[in-house]
Structure formats: C-alpha cells, structure tokens
C-alpha cells in the first residue's frame, strides 16, 4: 500500500488530494479543489498573475483540508507529487515549491508530474479502468491530442491539433456568442435547446506538404472563423442571433471530428479500447457520440469520471502512484517547472540531472 499527497496548480484550479494504491486499485482518500473560474470570467480568460496569487492563498488550506477529510497524517504518506509542466510558469511554481518544501520537511520523495500524464491517468479512477494497450483522446482547453498507451504505460502521440485546442475553440466561440467563461459548459447548456442540424460548419483538416491530409490530426481555427462569419451575416440582416441552434451545431461538429478521427485511428491500428480524458471529455454530446460510433467498430470506450475530467490533484496523485509502482526513481529536488514540455519527454522528469 502506498499513499501520495498530490498538488495541482498548472492553470486556474488550486487542488490537493491524497490518493492510495492498495490491492491493485486506486483509492481517493480526499480531494479538494478551489476554482478561480468566476474570478477569471470577468476577463474572458485566465489572467496568469491572478492565478498565481490565488494558488498561494488557497494551497495551504487545501492541504490542511485533505488531511482533515482523510483522517491520516504525514506519517502515513509515502511521497509528495506536484504538476511541474506544462502550464503557467508562475502557477506551476506555487505547487512545485510547496511540494518540494514539504518533501524536505518530512523527508519524503518528490515526484514532478507531467500535467497531461495526470489527465491520462484520470481514467484509472473509474470503476472499470482500462488496461493497456489503448488509445486516449485527450481533449481540454489547452490540448487536443491522440495518444497511444502501450502495455508498459509508455506514451506515443499519434494525432494533434495544429492550431486551437477543442476547449480553446469552445471558449472563443462562447465569447463571440456573448456567453460566459468557461465556454464549454456555457455552450453545452444552450446546445441542449437547439437543433444541431441548423447550420453546417466545416470539419477542419490539416494538409500534408506532399498533398492529401493528416488523417488523425485536428484543426479548429477554420471552424471558429466559420461561426464568426455566420454570426456577422445574421447580424447584418438585422435578425436575432439563434444562440441555441448555433451552439448545438458547433458542439455537434466538434464532437463529430473528435469521434471520427479517434475511432478511425483505433480501428486502423487494431486497438480495441478507446479512452476519453480532459475537460472537454465531460461534454455529454461528445460522450454519447463516442460510445455510439465506437460500438459500431467493436471498440470499448472508457471515460474518466466527470468529476475528474477537469484539472484536479487526484489525477496527479494517480500518475505519481503509477510511477512509483513501476519503479520510477523520485525527481530531483532541483527540478523546476516548464510552461512547455512534450509528454514523450516525461521520463526526463525523474533523472538525477533534471531537464529544467
């Protein structure tokens, strides 16, 4: 049995958790989040300086809260983990410095965790977790990627967005429609009242230099522009903007693109399991469509529990436990943070000479 205290401060969610691995299962002893969404909403997006300050204010209380909720103390903890990349540098530093300080104070190993690895491991918190090999659709505000996970939990990116992430597209379209931030929940709320067949928007593709298209990659900037032009056209005619129908049509085409390319890769490469993680994976339309289309190809779908799709510390703790179970060495206490760092480089976070 191993227990990890984990911290997540990569963007605008301050989070702490205590996660245990016992008899082959991951168990969340306590999980606490302080969201800054309302504070950033008035700016239409995350303000890095505000995010860092709120992490500083919230984290001590969150750590105290998870120990109080769980009924354990530091003597029961085997390691301390924190997100170190990618994300907002100032925000990452708050969690990393806090974790390394606690590691020194309590003489516990420290593990620096890649944020995307945390998302990948969030599916392991479900009642029926997937077993590698499988394909992961990681779809969030900052990332839209297809990642193949092999039997020994090695990661290979096999598809990506070449411009906006899907979640970023949701935020931008919500803003131009005059809806609230974050855009994903706002658009989903209006889409439930609309007709997804009302407007036909393009499914962006990425061209190859030699001709043709990358079959498993994504592009959402053209879709965002198409929605903008449609809104401008409707306004020029003096008509009322049909928010529900626009939201439903946009949500539907994003879901179709994500589902079609994910299922195609899994089918083409003989993978029988497909996993969805990340904030956008909480979208009901996307979840239903993925299950339906994957079933047609005899592909099983696994999803992170909705509560763990958005940023949280439980997924970071789970990723740390996976590392510990596999025999990965702790990170150096000299490991810093990085705003950008590729997932396939994540093994470098555990070298005696850290990458940053």
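Glycine residues also receive a Cβ, built from the backbone N, Cα and C atoms like all the rest.
Computed from a predicted structure; not experimentally measured.
Summarising the annotation, Swiss-Prot assigns Fe cation binding site to 115, 119, 311 and lists sequence analysis as the type of evidence. Sequence-distant contacts (6 or more apart, same chain, Cβ under 8 Å) of residue 311 (Fe cation binding site) comprise 8, 10, 11, 12, 13, 15, 33, 115, 279.
Residue 138 (substrate binding site) carries a strand DSSP state (E or B). Annotation comment: Swiss-Prot describes 138, 139, 140, 141, 142, 171, 184, 283 as substrate binding site, evidence class sequence analysis.
Cα spacing between residue 142 (substrate binding site) and residue 119 (Fe cation binding site): 12 Å, rounded to the nearest whole number. The record assigns 138, 139, 140, 141, 142, 171, 184, 283 to the substrate site; their largest pairwise CA distance measures 17 Å. Cα to Cα, residue 139 (substrate binding site) and residue 119 (Fe cation binding site) are separated by 9 Å.
Within 10 Å of the C-beta of residue 142 (substrate binding site) we count 16 further C-beta atoms, all protein chains included. In sequence order, 8, 10, 83, 116, 118, 122, 140, 278, 312, 315, 316 are the same-chain residues whose CB sits within 8 A of the CB centroid of 115, 119, 311, the residues recorded for Fe cation being left out.
Cβ environment of residue 138 (substrate binding site): 116, 119, 120, 144, 145, 146, 147, 277, 278 lie under 8 Å away, each six or more residues apart in the same chain.
Long-range Cβ proximity for residue 283 (substrate binding site), meaning a same-chain Cβ under 8 A and a gap of 6 or more residues, is found for 184, 188, 251, 255.
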